[in-house]
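Since the structure comes first, as C-alpha cells, the remarks are kept for the end.
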Amino acid sequence: MAISSTTFAPLALVLLLLGSTSAQLSTNYYASSCPKVFSAVKPVVQSAIAKEKRMGASLLRLFFHDCFVQGCDGSILLDDTSSFQGEKTATPNNNSVRGFDVVDSIKAAVEKVCPGVVSCADILAITARDSVVILGGPNWNVKLGRRDSTTASFSGANNNIPPPNSSLSNLISKFSAQGLSTKDMVALSGGHTIGQARCTNFRAHVYNDTDIDSSFAKTRQMNCPSTAGSGDNNLAPLDLQTPTCFDNNYYKNLINKKGLLHSDQELFNGGSTDSQVTTYSNNPSTFNSDFVTGMINMGDINPLTGTRGEIRKNCRRVN
C-alpha cells in the first residue's frame, strides 16, 4: 500500500494542477528567466507617479479593465487598426483609461534586461501592485506567467465592466461573472481611495440622487455643470480626503454619504454590503488584507498560459 500511495501521489498532484486555471501562475515565474523584472518596472512607475500622482490610480485601473475582458491578457493595450478593433474606444475606456505611454516605457525597460520574456499582461499586474505600494498601500507577491492575447473584445469591454451608475445588484453580478465574490467586489472598490473621475460619470449622482450629503453634492456641482456635454471631462477626486494616498478613507466617505459615484454609494445604502463598508472604515488592516486577496483573485481571471497567446514585442500590437 505504501508503494502504491507514493506512486499515485505525483499523479494526483498533476491532476490538481491541471484543474486550476491559475495553477501555472507563480510568484517566482521569472526567477531564472528574468530575475531583474521587478527592479526594471518599479523605477518607471515611481517616476510616472512622481510626475503625476493620479497616474498610480490610472495604472491600477488599467489592470482592472484588462482582467474583466477576456481575462488578464493585456488585450486592453492593443491599438485599433484599419483591420482590428481593440477595447480602447469602448464606452468604459474611451477618453477615460490612460497610462498607455507609461506601460510602453515599462515594457522598454523590461525588454532591455530580458528581451522577449515578460508579457504585457504580467507588466500590468506588477505595475498595479507597485502603484498601490508607492501610494502607501499594502504590498503582495504578484503571481506571474500570463501570456498576451492576440485578440481583444470591444463588446466585452462594453458589457463586462460595471458602469458608474451601477446598482448594488449589478455590481455583484458583474463581479460574480468573473468569479469574484461580493467581498472581493467591496474590497476592490476601495481602489477608489485614489484617482479622479470625470463629471460625466458623477453628474447624475450629485444632481439627482438622494443618498448623498447635500453640501458635498453642492461642492461637486460647482465643477460639474448639470447640462450633458458641458464640462464632461472636469475632474473630481474619488476620495475627497486623501485622493493620492491609498488608505481606508473611501469607506469613511461612504458612511458620510460622500461617495462620488452612484456605484460607490451603492455599497453603503441600506443593502447587504453596509456591514463590510463599516468594517473597512474602522479597520484599515482588514481592508488592506481583503484588497490584496481581491487583487490576487482578479489576477487569476482566465490567464493565457503554456503555449496559448504570445509574448508581445510591442504592447500595442500583436507580433
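Numbers run from 1 along the shown chain.
Placed from the backbone N, Cα and C atoms, the Cβ positions cover glycine too.
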**Prompt:** Of C224, C245, which cysteine does TrEMBL list as the disulfide partner of C199?
**Reply:** C224
**Prompt:** In TrEMBL, C315 is paired in a disulfide bond with which of C114, C120?
**Reply:** C120
**Asked** TrEMBL annotation: C34 disulfide-bonded to which of C114, C245?
**Response** C114
**Request:** Disulfide-wise, see what TrEMBL says C72 is paired with, picking from C67, C245.
**Result:** C67
**Request:** With C199 (disulfide bond) as the reference Cα, tell me which of the binding-site residues D66, V69, G71, H192 is the closest one.
**Result:** H192
